[in-house]
């Protein structure tokens, strides 16, 4: 059996001790990916080598959604490449699509550090990043000089912290107009727990003007989705679905991180010495899996399977992917699982999907 250099050699070093800063490690990895994103012969060759190592291509994995071709149904979730510095690299790791951002109209530093915490025994992460990003103009500049992507690229839009809730629609609109030519689909993020008041925008009276404003400016028409929180009640989700259908949105991303902390094994966060319950922020990873899947199933049932769903939350194994697809997800996304398992996870998941497809295909 071949040794995975990330999982068996690099990851134990990165995750060892209490000195490792998860955010610094993320920045270093993203800087490397940004360098690989250059339109230079060496970088192109290295991307090709990564693709041979990590990617898996098979016609049975392909999906057609919103008129876009997805080489496979597994994408990179928003939050990893906030500024769009590595657009052409994500396909080399095997992703079938990538969602950039969250990006805001105004550049902003995010919340004070520390703001990213690993809960190893739970295979989870708590983050309170606060939409730290260089702004929509900087993302546009990065994408305009980047080599083209071979997979669909989504862009996740958030509200700037300095923008009052009453002016949220104008803030989203400014980013949407600037980035519209550069994304294949767009996601309205009103569900992060780390921007004060943002989740209030999920209420009907707050959300409707945002959806109306963005759809009115959506020319030529591109898929516009909404990302929702897992902590909503079924009644709240049903009300959101009414708006999604009324304003003809293309789909739902389910779900964002949770503010719940029930059932965690981790007692203390090493960086702060406090318990997970005492740390503000959104929880992602394995503890979110069941709730995210339940939300996907509810949306699928409420819409009779007519609304495409991107399922995200707690994917670590092929069975996790299959569970979300069976619940009604059209596509799925990774974030925390990829951090813990490393780049080889994509290939494992895709092999698992193919194995499941083989089992479903009757012998001739």
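All residue numbers here begin at 1 and follow the chain in the order shown.
Heads up, the Cβ atoms here are built off N, Cα and C, so glycines get one too.
Swiss-Prot annotates 127, 128, 129, 130, 131, 189, 194, 256, 257 as substrate-binding residues; of 82, 222, 324, the candidate listed for that same site is 82.
Swiss-Prot lists 78, 79, 80, 81, 82, 102, 156, 189, 227, 285, 314, 335, 336 as FMN-binding residues, and of the candidates 44, 255 the one it assigns to that same site is 255.
Residue 335 (FMN binding site) sits 15 Å from residue 128 (substrate binding site), taking the C-alpha atoms as the reference points. Per Cα geometry, 192 is the residue among the recorded positions 80, 82, 156, 192, 285 nearest to residue 256 (substrate binding site). Within 10 Å of residue 189 (substrate binding site), counting C-alpha to C-alpha distances, fall the following of the binding-site residues 80, 82, 227, 285: 227.
Cβ neighbour counts within 10 Å, taken over all protein chains shown, single out 227 as the most crowded of the binding-site residues 82, 227. Ranked by Cα separation from residue 82 (FMN binding site), the recorded positions 128, 130, 192 are led by 130. Here the C-alpha separation of residue 78 (FMN binding site) and residue 128 (substrate binding site) works out to 14 Å. Within the set of recorded positions 128, 130, 192, the entry lying nearest in space to residue 156 (FMN binding site) is 192 (CA atoms).
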